[in-house]
Amino acid sequence: MKQPVRVAVTGAAGNISYAMLFRIASGEMLGKDQPVILQLLEITPALDALKGVVMELEDCAFPLLAGVVQTDDATVAFKDADYALLVGARPRGPGMERKDLLEANAAIFSAQGKALNEVASRDVKVLVVGNPANTNALIAQRNAPDLDPRNFTAMTRLDHNRGMAQLAEETNSTVNDVKKMIIWGNHSSTQYPDLTECTVNGKPALEQVDRDWYENSYIPSVQKRGAAIIEARGASSAASAANAAIAHMRTWALGTDENDWVSMGVYSQGEYGIAKGLIYSFPCTCSNGDWKIVEGLDTSSDFSQEKMKATEQELSEERDAVEHLLP
């Protein structure tokens with residue numbers, strides 16, 4: 001049996017974590033031969049609820065669960081962490097402007113970035129799930145100057161999966177038949193679900209769907225899927241977000257399938273003309289615990305450029321709104 005790895009999870013008593021922790025403890029994220037120690041962070045008022053979740057984890061008697069830490073102190077939760085899933089974030093309350101939300105979360109993710117910088121493993125893999133995920137990841141990254149910026153990622157795998165599922169439905173195929181889906185940009189309604197490189201059953205996706213459907217139905221539907229779920233369920237997507245977080249980490253740790261890629265919000269070095277330092281979703285391949293942006297794709301069409309720039313613009317504006325709070 002391998003040595004246990006430490007997996008930190010914030011917002012650990014929340015809905016997304018409740019749909020995620022049991023799957024991590026069962027080996028679904030890092031493999032059936034990898035023991036894990038869960039290091040769970042919550043705000044002080046939620047520690048009792050967290051205790052209940054931990055009791056349930058114990059009652060599952062997972063062979064791979066080598067230990068559980070429960071705390072309201074980030075430096076305890078992130079101590080020697082190999083993986084960190086930052087799920088907890090301030091939700092948008094009634095009458096809150098986006099700017100208020102950005103600032104409230106800036107305080108949370110600054111503190112978490114500092115704690116990661118101080119105590120986490122130097123190779124820690126950080127995934128930000130809590131929204132606004134891309135900018136929260138940027139805030140954490142900027143507060144962790146001793147860690148490689150490449151260690152910080154934001155989740156667009158949920159959008160990626162939504163895009164695959166809706167394309168599979170339209171083409172009467174299964175998600176297994178869909179390859180090379182791309183989500184560019186922000187995990188928000190400005191994201192660009194791009195089918196230019198995508199294939200279904202080995203053939204170009206755009207030859208199998210109507211262009212009008214793609215531009216005017218598919219793209220807005222993927223962009224607004226989160227809102228549609230809130231409308232229908234009366235609560236935001238939790239199980240599907242948990243599933244995407246597990247898939248993002250599993251791919252990062254264990255690698256992408258051959259001849260395919262995934263979408264990840266990662267640190268831009270100027271690829272595809274995107275401003276350096278933004279956390280922007282690109283198509284990525286993973287191997288040996290590292291990610292790499294897929295380069296050399298043709299994004300020169302006016303349609304693609306307009307969409308990629310619009311979501312970049314939103315990310316730049318979000319960064320500018322919190323710049324005064326960043327080191």
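Note that Cβ sites are derived from N, Cα and C of the backbone, with glycine treated the same way.
Annotated by Swiss-Prot as region 'Disordered', the relevant range among 184-207, 304-327 is 304-327. Under a cutoff of 8 A between CB atoms, and with a sequence separation of 6+ in the same chain, the neighbours of Gln112 (NAD(+) binding site) are Thr10, Ala74, Phe78, Leu86, Ala140, Asn143.
Between the binding-site residues Arg92, Arg162, the minimum number of other C-beta atoms within 10 Å of a residue's C-beta occurs at Arg92. Comparing CA positions across the recorded positions Arg92, Arg98, Asn131, Arg162, His187, the one lying closest to Ser17 (NAD(+) binding site) turns out to be Asn131. In sequence order, the binding-site residues near His187 (active site, proton acceptor) (Cα within 10 Å of its Cα) are Asn131, drawn from Ala13, Asn131, Arg162. Comparing Cβ neighbour counts within 10 Å across the binding-site residues Asn15, Ser17, Asn131, the minimum falls on Asn15. Here the Cβ of His187 (active site, proton acceptor) has 29 other Cβ atoms within 10 Å, regardless of which shown protein chain they belong to. On its own chain, Ala13 (NAD(+) binding site) has Leu40, Glu42, Ala46, Leu47, Ala49, Leu50, Gly52, Val53 as residues at least 6 apart in sequence with a Cβ closer than 8 Å to its own Cβ.
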